[in-house]
Amino acid sequence: MSYINFSAIILAAGRGNRMLSDTPKVLYQIGGKFMLQHLIDSVMQVGVSSIYVVHGYKGEMIIKEINTNQYKIPVYWILQHDLTGTGDAVQRVLPFISDDEEVLVLYGDVPFVSYKTLQRLHVIKSQCDISMLTATLPNPKGYGRIVRNQEGSVVSIIEHDDIINDDQKKIKEVSTGIFIAISNHLKCWLSTLTTHKSKNEFYLTDIIQIAHQSGYSIHTMCPDDTFEIMGVNSKSDFVDLDKQYQQRKVQCLLSSGLMIIDPNRFDLRGTLVHGKDVYIDINVIIEGHVSLGNRVKIGASCILKDTIVADDVEIYPFSIIENTTIGFQSKVGPFVRLRPGTELKEKSHVGNFVEIKNTRLGEQSKVKHLSYLGDAEIGNQVNIGAGTIICNYDGMMKHQTIIGDDVFIGADSQLVAPITIGKNVTIGAGTTVTRDVAANETIISRIRQFSILNWKRLKNKK
């Protein structure tokens, strides 16, 4: 459902000085996605008619990295030339929003507020002039405090740096900075803001006191989980938030039947779907979209990215797999690298220290030791000996290799592409193949072994 008179403003212009980084804070990734992208994805489900993102520090980088073409709701980028505070940032957007429109204000470094929480906040707005998201924290350090009068009404927000007495320090209810108000009201309140001397900035939070003193009603609500309002101001904050995100994802996967042997040593940087009786050992990283069939086993320290794995596959430790499809009952690893465009058909076997790129390996085919295969179509029941190399690059272009069914390739062979090897061919160990080979042939190109009589090896004099 989309509301015609309801827009969102996301503030993402700050430098993030405490991050001590050249990368804009909102472009740090959690779970394989930029923090700002997480937030936009959530807001898209709230029902707003448009989203305005205020950018400033390295805004061009932010616009380039954030994918907005995937959304049906328009996302507009608004530049804040001078970084003079959150109050000024919102003022930059309001000329583009009609006076009677409701405005949801959020922060790009608070990425995990849920759409359900925001929908509840929108419902509360129908009962008041400002609906605010607050939280009660055992340790509110760093957050602005909610000040209430004796009747319990919100009268102001005191920023952490402006706390001056013990009573204010004891306040546990904090401001998340997230609220909804009418555009015309915001314009009036913001027009009366003055800068804070300590930072020479306009604080958006000051509008709460202005609104209260003008007789406007302010209601609050808390999220179900304080994880939703966790923000990032430093590298330490980022690590804490990422850890909590991973813990929640792991619990969901465990609840769905996935066996993760050590939840503290598993990293999900995308999405994972899985079948039954799947086992994941320690230090496994999942990136992009990964699909695991039934009874899949993944050994320690593997990385899987954008990969589809069929039933009963075993992936042994230290294998790195990207954009690959692995067939039924195949075995991979240890120490294997499968690069984009690789397809392993059922019951194939790729072993120690093998690299494969843009290659189809047929059913029951094996390449078990120390090989590189690139840009190849390899048939069924092919045995590729240890140390075999497909020479697919001539310095300018990549070339294809085609290998038929039932081929045996001896150890330490080189296949110089472009080349076609027919069915049932046998290639002797140490052979360099430079021309096409017809079906059923046996070839060898190495020199014959011979002895040199009476030859003495030179030795160093001691």
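Residue 1 is the first one shown; counting continues down the chain.
Quick reminder: no glycine exception, Cβ is built from N, Cα and C everywhere.
Annotation comment: Swiss-Prot describes 1-235 as region 'Pyrophosphorylase'.
Summarising the annotation, Swiss-Prot assigns UDP-N-acetyl-alpha-D-glucosamine binding site to 11-14, K25, Q80, 85-86, 107-109, G144, E159, N233, R339, K357, Y372, N383. Following the DSSP three-state reduction, the secondary structure of G85 (UDP-N-acetyl-alpha-D-glucosamine binding site) is coil. Neighbours of G85 (UDP-N-acetyl-alpha-D-glucosamine binding site), defined as other CB atoms within 10 A of its CB across all chains, total 24.
What Swiss-Prot lists as Mg(2+) binding site is D109, N233, and the listing cites sequence analysis. Sequence-distant contacts of D109 (Mg(2+) binding site), defined as residues of its own chain at least six apart whose C-beta falls under 8 angstroms from its C-beta, comprise A12, G14, G16, K25, V26, M35, G231, V232, N233.
Within the chain carrying the region 'Linker' (236-256), a Cβ under 8 angstroms from the stretch's Cβ atoms is held by residues 19, 28, 30-31, 111-112, 227, 230, 263, 266-268, 272, 274, all 6 or more beyond its ends. What Swiss-Prot records for 236-256 is region 'Linker', and it gives sequence analysis as the kind of evidence.
Each residue in the region 'N-acetyltransferase' (257-462) has a pLDDT score, and their mean in this model is 97. As annotated by Swiss-Prot, region 'N-acetyltransferase' applies to 257-462, with the evidence given as sequence analysis.
What Swiss-Prot records for H369 is active site, proton acceptor, and it gives sequence analysis as the kind of evidence. If you draw a 10 Å sphere around the CB of H369 (active site, proton acceptor), it holds 16 other CB atoms from the protein chains shown. DSSP assigns H369 (active site, proton acceptor) to a strand.
Its Cβ placed at the centre, A386 (acetyl-CoA binding site) has 18 other Cβ atoms within 10 Å. Under the heading acetyl-CoA binding site, Swiss-Prot lists A386, N392, Y393, A429, R446.
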### Message
For a quick check of understanding: given the listed acetyl-CoA-binding residues A386, N392, Y393, A429, R446, what is the maximum Cα-Cα distance in angstrom, as an integer?
### Response
23
### Query
Using Cα coordinates, what distance in whole Å links G108 (UDP-N-acetyl-alpha-D-glucosamine binding site) and N392 (acetyl-CoA binding site)?
46
### Task
Look at each of the binding-site residues, N233, N392, and point out the one with the fewest other Cβ atoms around it within 10 Å.
N233
### Task
Measuring CA to CA, name the entry from the binding-site residues A386, N392, R446 that ends up nearest L11 (UDP-N-acetyl-alpha-D-glucosamine binding site).
N392
### Query
Given the binding-site residues G14, G108, and counting only Cβ atoms in the protein chains shown, which has the most within 10 Å of its Cβ?
G108
